[in-house]
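Visitor: As annotated in TrEMBL:
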- B:17-47: transmembrane segment (TRANSMEM)
- B:18-435: domain 'DUF112' (DOMAIN)
- B:59-86: transmembrane segment (TRANSMEM)
- B:136-160: transmembrane segment (TRANSMEM)
- B:167-187: transmembrane segment (TRANSMEM)
- B:193-215: transmembrane segment (TRANSMEM)
- B:317-340: transmembrane segment (TRANSMEM)
- B:408-425: transmembrane segment (TRANSMEM)
- B:461-482: transmembrane segment (TRANSMEM)
- B:519-541: transmembrane segment (TRANSMEM)
- B:547-565: transmembrane segment (TRANSMEM)
- B:620-639: transmembrane segment (TRANSMEM)
- B:659-679: transmembrane segment (TRANSMEM)
Amino acid sequence: MTIVVAYADTPPGHAAVAAAVAESSRERETVIIVPAVRGDAAPDVGEVETRWPDIAGRVEVERGDLGDPSDTVVQIAQRRDARLVVLGLRSRTPVGKLVFGSTAQRILLDATCPVLAVKPTVAGP
Amino acid sequence: MTDAAFSALGSLADPSLLLMLAIGVLAGLVIGLIPGLGGTGAVAILLPVTFGMDPEPALAMLIGALAVVHTSDTVAAVLLGAPGSASASVTMLDGYSMARQGQAKRALSLAFLSSMAGGLIGAVGLTLAIPLARPLVLSFGSPELFMLTVLGVSLAAVLSRGNVVKGLTAGFLGLLLGLVGTSPTTAEERFSFGSLFLSDGLSLVAVALGVFGLAEIASRVGQRRVTEKPVALTGGWGSGIREWLTHWTHVIRGSLIGIWAGILPGVGATAGTWLAYGQAVATAKDKRKFGKGDPRGIVGPESANNSVEAGDLIPTFLFGIPGGVPSAMLLGMLLTYGIQPGPAIVTDHLDLMYLIVWAFAIASVAGAFLCFLATGSLAKLTKVPFAVLGPGLLVVMLLGAYQEGGQLGDLWVMVALGVAGFFLKATGMPRAPFLIGFVLAIPMERYYYLTASLYEGTEWMTRPGVLAFAALLVVPVLWSLVKKLRATSGAADDGHRDEHESEGVAGDELEGSLAGTPWSAAVAVVAVIVFGGALWMSGSFSEEARLMPRLVAGFGLVAALVLICQEARARLRGAGGHPVEDVHEPVGGSGATGLATRVRPSADTPALTRHHDLVIAARTFAAMAAFLVLVMVGGYLAATLVFTPAFLLYAARARPRTAIVYTLVLGLVLLSLPSLLPVDLPTGLLQ
């Protein structure tokens with residue numbers, strides 16, 4: 001089985017990868033990182049492996065064919081028959097939510113497999 | 001109203017009109033097949049032929065071509081993986097993968113049928129728009145019309161893809177160019193530099209063909225030839241036709257999106273098809289196959305890209321605000337016939353409107369039918385390299401620009417604007433707001449003075465229509481602010497379903513390839529100089545004539561200065577070089593480094609191709625200038641006979657036999673054209 005991570009180079013995105021690392025460690029499942037911010041470059045596999053050494057060797061980075069990030073995440077999860085989609089949530093004001101819409105919400109609603117939503121740990125040492 | 005509709009249908013039974021429609025459809029199909037030419041190309045090529053005709057046959061021909069260009073452009077996208085026009089690049093995603101799985105006929109039949117339905121639904125939309133908009137249009141006074149022109153330019157600037165500041169700068173440049181010539185209120189000459197030729201104003205056809213047509217030729221002549229073998233035309237037509245019927249909801253949704261994208265100025269076929277594709281993906285439960293041959297990925301966008309052209313015509317004819325580039329050229333054509341689009345067309349030329357609707361519908365059906373019949377044999381056309389077409393297109397387009405005023409100066413203006421258009425295109429400045437600004441400059445000024453003289457002070461501003469448009473005007477401003485906020489905060493969440501960003505990748509190689517280089521900074525600097533100079537020059541005009549140029553130059557100057565700041569900031573950031581540093585940050589660590597760092601790949605190969613593109617463009621423009629010098633000396637025919645083989649042999653590296661046959665055919669066409677159509681060839685000094 002595989003786990004898909006909706007990746008962003010932000011604290012919530014990193015928390016999502018960390019959660020996926022924890023989730024996948026028991027069965028040694030493949031973790032697929034999908035960049036979920038429009039216009040961002042896909043992260044380098046090597047960088048991800050140095051940062052999260054636990055998943056070295058079983059992590060992949062995949063870019064979809066679609067323009068919209070939420071569609072891309074859902075599509076890749078369906079194609080790879082993922083067991084789980086992990087995504088990071090960040091706090092949003094109601095107005096910000098209204099204006100920008102939400103990739104996270106669309107993934108939650110559209111995904112055809114379970115979705116794990118995580119928050120970054122509150123800023124600490 | 002229905003009588004008008006049916007009498008228009010009756011007039012189409014006239015064999016000469018039907019013949020023109022058929023010629024238009026055939027030409028449109030062929031133009032669509034050739035990679036690189038879309039709706040703009042179709043109008044640009046056919047426009048010269050229509051000068052001197054009556055408005056009805058001319059419109060039948062142009063609308064016939066415009067309606068089917070997006071039907072046949074699919075062929076190249078599906079069989080070669082090279083889209084026939086930018087908007088077909090969406091169909092390529094799923095169509096080409098389907099064709100590679102041996103189901104080319106299935107993909108094509110889905111596409112043709114959807115195009116046909118898109119065209120028909122678009123025509124219905126156009127029909128419905130007439131009675132709906134008629135009372136509205138007739139209630140408009142000059143204040144509303146003035147607001148509409150402002151709205152047209154600003155929407156075009158904001159909605160066209162990419163950077164809003166670039167869009168605004170382009171829009172203001174267009175407006176400024178439109179102000180060249182005699183002021184409509186005081187009959188004094190503005191920006192004419194004492195030249196009699198400029199005091200007439202620039203001809204729309206020359207501007208449109210220059211900024212789009214010639215710039216397109218220059219940027220495409222160097223394009224790599226398609227070397228891939230086309231995918232064999234296999235699979236059954238039948239399966240596609242049956243499957244198409246099951247996706248009828250996607251057809252309707254795609255068409256409606258297309259019509260809406262068409263109505264909005266500056267949102268053209270390309271953006272419309274991406275919107276339709278995004279919509280199809282978003283509403284699909286099972287997204288697995290998108291990009292790998294999903295029929296829904298073909299049906300929606302294909303319907304949209306035909307209905308966009310119909311949607312474009314709605315604001316063009318009813319309000320006189322062109323919805324896109326091809327319709328801006330149509331507008332120019334109507335003006336040369338003395339038909340003023342806008343409220344007048346609804347009252348005086350209703351039959352013409354319905355003729356357009358019928359022509360659009362008939363052409364859509366006939367185009368799809370012909371595509372089914374002839375794809376097998378016509379698919380070869382998709383392999384013609386653009387460089388070979390270049391001289392023919394050049395000769396036809398220059399001839400077209402000459403017809404309007406019969407002045408060689410127009411041709412020089414056209415080549416100069418071609419250079420400008422090339423740089424706008426290469427630095428990622430949208431050209432649609434430029435053209436729309438150019439078209440609307442004079443109407444905007446005229447309506448403003450009508451308003452100012454008919455109403456006391458600011459009384460007109462409280463008219464409900466004006467207030468409604470003002471509210472609409474605020475929306476794009478807010479929208480651009482939102483976009484800006486989103487860009488600076490590096491927001492991770494972005495649920496908007498506009499797919500504009502992906503266009504540049506899939507569409508055109510050159511589009512925006514110079515963005516972020518010294519070239520784009522230079523374009524911004526030139527814009528500042530132009531606006532600054534215009535501001536300074538407008539000081540010498542009389543009170544009445546000064547207002548518009550002042551406002552346009554002032555706002556343009558601000559926009560261009562902001563653009564320079566942006567360029568400078570991008571330069572500084574690029575020089576600073578942000579490597580991705582936060583790799584060693586502990587997992588789940590502090591949230592302090594929330595900055596999205598973007599890695600800029602060091603560009604060696606892009607720089608090389610950029611250089612290559614520039615050299616080829618420079619050579620092409622030099623060749624165009626040389627051609628014009630030849631025309632001035634020896635006349636059009638002689639110049640063509642010298643220029644075409646030279647260009648073909650040296651620039652396009654064509655075989656001598658091709659060059660000779662090509663030149664002879666072109667020469668014969670030019671020889672026979674004046675006797676068939678009322679077309680004048682420019683004469684030289686030696687003639």
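Placed from the backbone N, Cα and C atoms, the Cβ positions cover glycine too.
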Visitor: Do at least three CB pairs under 8 A connect the transmembrane segment (B:167-187) and the transmembrane segment (B:136-160), leaving out pairs fewer than 6 apart in sequence?
Guide: yes
Visitor: Could you pull out which residues elsewhere in the chain have a CB under 8 Å from any CB of the transmembrane segment (B:620-639), counting only those six or more residues past its ends?
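Guide: Distal contacts: 214, 217-218, 221, 390, 394, 398-399, 402, 408, 411-412, 415, 418-419, 422, 647, 651, 667, 670-671, 681-687.
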Visitor: Can you give me the average pLDDT across the domain 'DUF112' (B:18-435), rounded to a whole number?
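Guide: The answer is 83, the mean pLDDT of the model over that range.
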Visitor: Mind checking which residues of the chain, 6+ beyond the ends of the transmembrane segment (B:461-482), have their Cβ under 8 Å from one of its Cβ atoms?
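Guide: Distant Cβ neighbours of the transmembrane segment (B:461-482) are 139-141, 143-144, 147-148, 150-151, 154-155, 158-159, 164.
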Visitor: Counting CB pairs under 8 Å, which listed stretch among B:167-187, B:193-215, B:659-679 touches the transmembrane segment (B:519-541) the most?
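Guide: Maximum Cβ contact count belongs to B:167-187.
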Visitor: Near the transmembrane segment (B:167-187), which same-chain residues lie under 8 Å Cβ to Cβ, leaving out any that are not at least 6 residues past its ends?
Guide: 153-154, 156-160, 198-202, 207, 266, 424, 429-431, 433-442, 444-446, 449, 524, 527, 530-531, 534, 541-542, 544-545, 548-549, 552-553, 555-556, 559-560, 563
Visitor: List, by number or range, the same-chain residues at least 6 past the transmembrane segment (B:659-679) whose CB is under 8 A from its CB atoms?
Guide: 48-49, 51-53, 388, 391-392, 395, 399, 403, 636-637, 640-641, 644-645, 648-649
Visitor: Can you find at least 3 Cβ pairs under 8 Å between the transmembrane segment (B:317-340) and the transmembrane segment (B:59-86), where each pair is 6 or more residues apart in sequence?
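Guide: They are in contact.
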